[in-house]
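What follows is a set of notes on a single structure, which appears directly below.
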Amino acid sequence: MANPAGEAARPTILRTPLGRVRGSGSAKSGTHHWWMQRVTSIALLPLTIWFIVALATSAGMTHAEAVAWIGHPFNAVLLLALIGLTFHHAAAGLQVVLEDYAKPEWVKITSVLAVKAVCTLLALAAALAVIRLAV
Amino acid sequence: MSIQDAREATMLGRRTDGTPVRRPLSPHLQVYDMMQMSSAISITHRATGIIWTGGAAVMVWWLVAAASGPEAFDRVQWFLGSFLGIIMLMGLTAAAWFHTLSGLRHLVWDAGHGYDIPTMYKSGHAVLIGTAVLTALTWLALLLSW
């Protein structure tokens, strides 16, 4: 299809000339971030509903009751899954918000790295607490 | 079209007739009417996601306190049972249910369904009503078990 000026349509090519010569394609990870956000959200659906229902039906737990509940193998395994998936999903989501709105570039990169660090440390702290009570 | 920064450069493309086009960036926060069903729920989905991350931090506090011992645990339970704590937990419950239901709506969209405007408005209302109902039910269950 030609435009009125008679210029042929040229698609925008973002690959470098060297990359084209070497025939190296994409890293095959283009949709990985987006896809993992969906996979973790599906896994979090039942886990989160389980956690909210469990807490809502046992308000005002004593320390001994809480320790027993967290330390029960069934609950501990689900809690570990919940912790890992929650912070993976949270870090991925916050990253996208920052990528959209944080400016300038150094603020964007620094804040994304900070979010990843905080989410990783929170997840590790929570997992350690569960494991201490479960084993 | 002038390029202002590196990000701008990745937004430049051409239509099939060869004319240049600047692809849309993320929604601008000032130029649109944000109170439409589409944009209002979209921005609230992000906001509730951020709020829920704060809620996840409270969950970490609760778990770590339980592992630390009775004193630390009593402090968390005291805070969560205080006026401020209950208001915060109610907000978190509403944010969690909103993000869950709105997230389900996104998964349905990802599967390729519900994109037409009437369905979009219906599912949007369903998210709002569902959030109110499920938040109320959660707190009813909580009060009954207290």
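Glycine too: its Cβ is placed from the backbone N, Cα and C atoms.
Within its own chain, the transmembrane segment (A:42-62) is flanked in space by residues 69, 75, 78-79, 81-82, 85-86, 89, which lie at least six positions past its ends and keep a Cβ under 8 Å from the stretch. TrEMBL lists A:42-62 (among others) with the feature transmembrane segment.
According to TrEMBL, the transmembrane segment annotation covers A:74-97 (among others).
Long-range neighbours of the transmembrane segment (A:109-131) within the same chain, counting only residues 6 or more positions beyond its ends whose Cβ lies under 8 Å from a Cβ of the stretch, are 70, 76, 79-80, 83-84, 86-88, 90-91, 94-95, 98-99, 102. Marked as transmembrane segment by TrEMBL: A:109-131 (among others).
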